[in-house]
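Asks: Please find one structure pasted underneath; my questions will follow.
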Amino acid sequence: MEGEPSQPPNSSWPLSQNGTNTEATPATNLTFSSYYQHTSPVAAMFIVAYALIFLLCMVGNTLVCFIVLKNRHMHTVTNMFILNLAVSDLLVGIFCMPTTLVDNLITGWPFDNATCKMSGLVQGMSVSASVFTLVAIAVERFRCIVHPFREKLTLRKALVTIAVIWALALLIMCPSAVTLTVTREEHHFMVDARNRSYPLYSCWEAWPEKGMRRVYTTVLFSHIYLAPLALIVVMYARIARKLCQAPGPAPGGEEAADPRASRRRARVVHMLVMVALFFTLSWLPLWALLLLIDYGQLSAPQLHLVTVYAFPFAHWLAFFNSSANPIIYGYFNENFRRGFQAAFRARLCPRPSGSHKEAYSERPGGLLHRRVFVVVRPSDSGLPSESGPSSGAPRPGRLPLRNGRVAHHGLPREGPGCSHLPLTIPAWDI
């Protein structure tokens, strides 16, 4: 969210960079600041840090979108929400990271008014959509695990929920988009290394009264950070309590659920808890600075220190969250990890025709249900969540597994180089 402080980070506050102090001319009441906010080593450090998270964000989240969209077995409720998180992270990487980096390096706002509004709006909508999506994931897991007999959330309802999430994100960020504007700072100029002067512009929220900004910041903090994350904590605490209990009878009078299924569900919950926890910690410093600016009554030197050094780091940490989610998926989830590997292997190994097939078996009642196994080639990517592609997914208690993970059915393991021998993966394992 650009222009966080009541006086924007790059406005008429005294700045000192590159060994050149801000100078004020009493006779004309003019203030001159260095064009760049930091020395060359500090600026280089910021550029490398932002470039790293930008590349991680673009590559990782693009792969997540590719894996989920390419494989219809990944079209599940939880994976649709994960896809929505990846889309919001991509928006942050495309529209917010570059402009924020340049804004943190140069004194003043170097872009036009439209970019000022777009950057602030997209960043605010992305963080709002992310936290609302995390709440939706927690609710969906809560219903599946704590109340397994209730009607499951369908894929269609999940897509409607995602549309509502973005509508709410746009609604709550509209005041910021309206008030964000670029203004010229009177009697304040930037001076470059060749002693050329430039007018100073600032991108900031021009509220009619300062108190209105405080109210809006407090509303944002409570509605898109504090309250949603408190709800997530309660949901996952109930889920953890349920998973720690002994497995009960399966629906339809089936035997007790396979303990391995509970462990798999627990791994899914661990991954989702890590995503929510990392989101909380990543955005906490930026929210703390926003509240400090509005309620702290900082002096000019303190505000200079916060805006020139603290805000760039807080922005970087918040943006790093958008880059870390794919790493969390790959670490905790085997199917996403296989999907990442397959995406890179596909460029080296051509995919043969008919490399993807399904096995079906008839279950009691005369209905054909998708069996536990989905036979895929190594070039195929991940598979759906343990909740299954729909509420009618088979119960994990009846799934024959070998070593609790993958049954190879006597096929040799994949050797060096490219191999097209199929691996059988539990389709319900997220």
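From the backbone N, Cα and C atoms, a Cβ is placed for every residue, glycine too.
Feature list, courtesy of Swiss-Prot:
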TOPO_DOM  1-43  topological domain 'Extracellular'
REGION    1-20  region 'Disordered'
COMPBIAS  9-20  compositional bias 'Polar residues'
CARBOHYD  N10  N-linked glycosylation site
CARBOHYD  N18  N-linked glycosylation site
CARBOHYD  N29  N-linked glycosylation site
TRANSMEM  44-64  transmembrane segment
TOPO_DOM  65-80  topological domain 'Cytoplasmic'
TRANSMEM  81-101  transmembrane segment
TOPO_DOM  102-117  topological domain 'Extracellular'
CARBOHYD  N113  N-linked glycosylation site
DISULFID  C116-C203  disulfide bond
TRANSMEM  118-138  transmembrane segment
TOPO_DOM  139-158  topological domain 'Cytoplasmic'
TRANSMEM  159-179  transmembrane segment
TOPO_DOM  180-214  topological domain 'Extracellular'
CARBOHYD  N195  N-linked glycosylation site
TRANSMEM  215-235  transmembrane segment
TOPO_DOM  236-271  topological domain 'Cytoplasmic'
TRANSMEM  272-292  transmembrane segment
TOPO_DOM  293-307  topological domain 'Extracellular'
TRANSMEM  308-328  transmembrane segment
TOPO_DOM  329-430  topological domain 'Cytoplasmic'
REGION    379-413  region 'Disordered'
COMPBIAS  379-404  compositional bias 'Low complexity'
Asks: Assess whether the transmembrane segment (272-292) lies in contact with the transmembrane segment (118-138), where contact requires at least three Cβ pairs under 8 Å among residues 6 or more apart in sequence.
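Replies: Counting Cβ pairs under 8 Å (6 or more apart in sequence), the transmembrane segment (272-292) reaches the transmembrane segment (118-138), since there are 3 or more.
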Asks: For N29 (N-linked glycosylation site), identify the closest of the recorded positions N113, C116, N195, C203, judging by Cα separation.
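Replies: For N29 (N-linked glycosylation site), the closest Cα among N113, C116, N195, C203 is found at N195.
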Asks: Can we call the transmembrane segment (44-64) and the transmembrane segment (215-235) in contact, meaning three or more C-beta pairs below 8 angstroms at a sequence separation of 6+?
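Replies: Since fewer than 3 Cβ pairs under 8 Å link them, the transmembrane segment (44-64) and the transmembrane segment (215-235) do not come into contact.
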Asks: For a quick check of packing: other C-beta atoms within 10 Å of the C-beta of N29 (N-linked glycosylation site), how many?
Replies: 10
Asks: By DSSP assignment, list the helix, strand and coil residue numbers for the topological domain 'Extracellular' (102-117), in that order.
Replies: 9 helix, 1 strand, 6 coil
Asks: Pick from N113, N195: which of these glycosylation sites has the biggest number of other Cβ atoms within 10 Å of its Cβ?
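Replies: That would be N113, with the most Cβ atoms nearby.
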Asks: Counting only residues 6+ away from its ends, which parts of the chain sit with a Cβ under 8 Å from the transmembrane segment (81-101)?
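Replies: Distant Cβ neighbours of the transmembrane segment (81-101) are 2, 46-47, 50, 53-54, 57-58, 61-62, 64-65, 68-69, 111, 115, 118-119, 122-123, 125-127, 129-130, 133-134, 136-137, 140, 158, 162, 165, 275, 315, 319, 321-323, 325-326, 329.
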Asks: Mark yes when the transmembrane segment (308-328) and the transmembrane segment (215-235) have three or more Cβ pairs under 8 Å (sequence separation 6 or more) and no when they do not.
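Replies: By the criterion, they do not touch.
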